[in-house]
């Protein structure tokens, strides 16, 4: 037995001394470090040279592959009927690849040579008030042309369409009266938003090409989000997935989507998308890049996921930007729930058109309610932080995907808790109202019943026939208090089994007016998502959330009123 403090011989043989360890460290000289650094630089340079040589070949092969797919899909009988969508997207990707090497000046210089001297400069020499009057005249022309320039549908007269036109102006008057900064309303943005809403309605409702393109995009987004159900089925089972539980299906899609977006940020894909959307909407509607991306993405991926597209900027958003972000989410539905409503029997045309029309509508309405009083970070030009700096920077795309999944779990948890508490609060209020109502002999006094009468004038101005206003108002109340799924279920049940189903005109307007996430449950979702993305702005988010929900709700009703001009 060795004495204390003395190592046995075998221990002394195998344990290096401090001196020997120090000598080993001293063997690594600064020159060796420089050699290692030089070798890393050389390896990186050789990789860059290989990539620069291989990149044109890879992109050319990819363009040829897309071209071959387009020719094959157009020729084959099984896919020939989708030639419009296939042509649009195939050539869009081919042109994107081509313009990696062709300078943009090839297109921009000829266009600028004509546009600037013949259109832009003469137009901006006109006084601002005159230009504004010209914009209003163009808007009036397309509104009255839509309302009275197309043949009447059965059960409709020009008096009904006149009410739709009146309702549109009443809505704008209401937004103006309740504006937070009435003297700073950006009227060009409002005019262009309303004009685009009319144009999209005409394009989608009156052309097959428009509907085919937008339906394909919505279906693609829904299919993508449904891939998350494969992972959810691993933890549960197919029967649970088929029950469409919010806790399982919706939250799984949110976690998967956020993880995917984080990976796309690392790869630089989202930066390209944001930059191009920012340029387009800045030129067209004079909104910031973050606002443009969120509003345009909301119909396809939903209110929570769309805000994640601009995650680095949410904490830097102004009050007006946050309001528009929330309004656009409330005024549309997501591609992930589109299939569910179609399965209920709601026409896909109505759902797709309503969501697309609500993009410019949400922008114009939000900017009337809370005009921009500051300078947004993403106005005009977007530089996206890919998250490559800092101690938590992802090492590669897979690491970024993993980090996104963890953040998605946090967002999903906040959504779950907010939805649970908001819906429980509504149930408590309804229970209290029912108890009070029984004292007056009213046995079913609820928020829905009260709002049924509150919404009567609003429903009148969207053009619903007079004898059906109360019925449609109740569906709108159900949508606001519960959710649009419950409202659509009740609507389809009335149409299938009710003794007095709605007329075609009332049904069309109602199905458009229900197509949005503006309800008290979604109020919790919006607060949860934006609160997780922008903790420092949580107080402002809570203050403007109710205003954004009302604006989003009225945005879908305004869309329904515009559609009423065409049916």
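FYI, residue positions are counted from 1 along the chain as it appears here.
Every residue, even glycine, has its Cβ placed from backbone N, Cα and C.
These numbers come from a predicted model, not from an experiment.
Among the residue ranges 54-71, 108-125, 216-233, the one that TrEMBL annotates as transmembrane segment is 54-71. Looking at 378-404, 540-566, the range annotated in TrEMBL as transmembrane segment turns out to be 540-566. Between the stretches 445-464, 465-484, 485-504, TrEMBL puts its transmembrane segment entry on 445-464. Mean pLDDT of the predicted structure over the domain 'Concentrative nucleoside transporter N-terminal' (166-237): 86. Sequence-remote contacts of a segment are chain residues at least 6 beyond its ends whose Cβ falls under 8 Å from one of its Cβ atoms, and for the transmembrane segment (245-265) they are 225-229, 231-232, 236, 271, 301, 304-305, 308-309, 311-312, 336, 384, 386-387, 394, 397-398, 400-405, 407-409, 411-412, 415-416, 419. For the domain 'Nucleoside transporter/FeoB GTPase Gate' (248-344), residue counts in helix, strand and coil come to 82 helix, 0 strand, 15 coil, using DSSP.
Within the same chain, residues 143-144, 147, 185, 190, 194, 365, 368-371, 460-463, 551, 554, 557-558, 561-562, 564-565 sit at least 6 positions outside the transmembrane segment (162-179) and bring their C-beta atoms closer than 8 Å to a C-beta of that stretch.
DSSP assignment over the domain 'Concentrative nucleoside transporter N-terminal' (166-237) gives 62 helix, 0 strand, 10 coil.
Within the chain carrying the transmembrane segment (277-301), a Cβ under 8 angstroms from the stretch's Cβ atoms is held by residues 186, 188-189, 192-193, 196, 217-218, 221, 225, 257, 307, 309-310, 313-314, 317, 321, 324-325, 328-329, 331-336, 355-356, 358-360, 362-363, 367, 376-382, all 6 or more beyond its ends. Counting residues 6+ beyond its ends, the transmembrane segment (132-150) has Cβ neighbours under 8 Å at 126, 158, 161-162, 164-165, 168, 187-188, 191-192, 194-195, 198-199, 201-202, 206, 562, 565-566 in the same chain.
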